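Database features (TrEMBL):
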TRANSMEM  24-42  transmembrane segment
DOMAIN    33-486  domain 'Major facilitator superfamily (MFS) profile'
TRANSMEM  112-133  transmembrane segment
TRANSMEM  139-168  transmembrane segment
TRANSMEM  175-199  transmembrane segment
TRANSMEM  205-225  transmembrane segment
TRANSMEM  293-314  transmembrane segment
TRANSMEM  334-355  transmembrane segment
TRANSMEM  362-382  transmembrane segment
TRANSMEM  388-416  transmembrane segment
TRANSMEM  428-453  transmembrane segment
TRANSMEM  459-478  transmembrane segment
Amino acid sequence: MESKTQLAPVLNFFPTLKPPNKTLAFHQISVLIITFLAYASFHASRKPPSIVKSVLGPKIQSNSSSFDTGWAPFNGPQGTHRLGELDLAFLSAYSIGMYFAGHVGDRMDLRLFLAFGMMGSGVLTIIFGLGYWCNVHFLWYFMAVQVVCGLFQSIGWPCVVAVVGNWFGKTKRGLIMGVWSSHTSIGNIVGSVIASGVLEFGWGWSFVVPGVLVILVGLLVFLFLPVSPEDLGFGSPEKEEVEMIVEVNGMDNLEKVESEEAGLLRTENADVKADTDSLGAIGFLEAWRLPGVAPFAFCLFFSKLVSYTFLYWLPFYIRHTAVAGVHLSHKTAGNLSTIFDIGGVFGGILAGLISDMLEARAVTSIAFLLLSVPALVLYRAYGSVSMVANILLMFLSGLLVNGPYSLITTAVAADLGTQTLIRGNSRALATVTAIIDGTGSIGAALGPLLAGYISTRGWNSVFFVLILAIFCATLFLIRIARTEIKEKLSGERWFFGIS
């Protein structure tokens, strides 16, 4: 199949950056760094809405039920509802756009597509902030900007996962992507610090600065990012690993790594394999039928619902919940919320490392999800006792909540998109990634909306819904986890149909 990608301009202009002057390891590291910065900047630009909520929305006086004026149309008793609807507008467009972005990403130059998404996201984030200086108070304006921005943002994830999947095989993929996936939490931290730091100059700056950051990193992607090792004359990591397995163990053992589920679907999906071998890119419906895609996609629906509720509402929650009897300032609440994301960094790395050691992604995800339930209960019950208790319990909650979320959106998505049923065809990777994260993003859209409505009845209700969502997430992985355990006990090396 003829390549649809063009080499990045800087790599063309400077031959010394090409092999044999630079090794495969050099370019793998550069790809990790560039894609890390790219998606971290995406998340940095998503963080401002959560930071400015306490400024835009209503503020309840400590000794009365009256409301201070925020920023119309988000002030007044219905302010939290409007803010939740604003989150829904962005995340709904993001989740819908994700399905189309993955489909398009498998059929065009990922470098150009990613750069296009970053430029658009930066411009729309800046336009949202301009509402401050232009004194805009129309709900439709902010809604429209968030919808279009969500569509541009949806381009990012399928592209970066597909590029990283092109450059790395499955060996230690969980650990590598666990470290790499910390870009989400790092981006949230950077976005929180920037948005909180400039908030005192006017909430518009909290959007403009992250918007400029995305544009600058988008320029870096356009100039430097190599999409695949084949573009530079290297071999495919996936093919090299398959050849190594065949050479060491023989073809018979290669076939054994396919799961029972893949075996049952082999006849049904014979036409899928023929299509992917001949056309390169897999269809949307065919990707849904791949083993493991649907269970992990629906698990991520509930897992991301929990994670994004914290992403969009944690600073607001901290601001309106006294810690040791003291209500924190907007800036302090925003900065304190980064502890949750710091925990998420360690959670993603730990989940990736454990899943590599156990060779069991589902078992690892379920363990983290179940442990996050008591962590959330403790944070709600004792997080307000003291600042130390708040920080420790918030860190633990972030570690356990974001662990499976990071694992599923990175290593699992990459594994599923290059599994043996489609013969390691990386042209399916963006589509599979988009399906999993797109489905998860629907949950991400519902979580903040529900929090906006339910929080008016009390935060205990919000935490109850989050815990219920966690239990639902575990249900979708029970079958896969049971098979993983069964295969481990029988001594066979298996991973839901993935070599």
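Cβ from N, Cα, C; glycine included.
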Stretch-level contact, the transmembrane segment (459-478) and the transmembrane segment (362-382), CB cutoff 8 A, at least 3 pairs: yes
PLDDT averaged over every residue in the domain 'Major facilitator superfamily (MFS) profile' (33-486): 82
When counting Cβ pairs under 8 Å to the transmembrane segment (334-355), the leader among 362-382, 388-416, 428-453: 388-416
Intrachain neighbours beyond the transmembrane segment (112-133), with Cβ under 8 angstroms and 6 or more residues off its ends: 6, 38, 41-42, 45, 48, 101, 104-105, 141-142, 145-146, 148-149, 151-156, 159-160, 163, 202-208, 210-215, 217-219, 221-222, 225
Residues from the same chain, set at least six apart from the ends of the transmembrane segment (139-168), whose C-beta lies under 8 A from its own: 27-28, 31-32, 35, 38-39, 42, 45-46, 73, 82, 85-86, 89-98, 100-102, 105-106, 110-111, 113-114, 116-118, 120-121, 124-125, 127-128, 131, 176-177, 180, 225, 227-229, 236-237, 409-410, 413-414, 417-418, 426, 429-431, 433-434, 437-438, 441
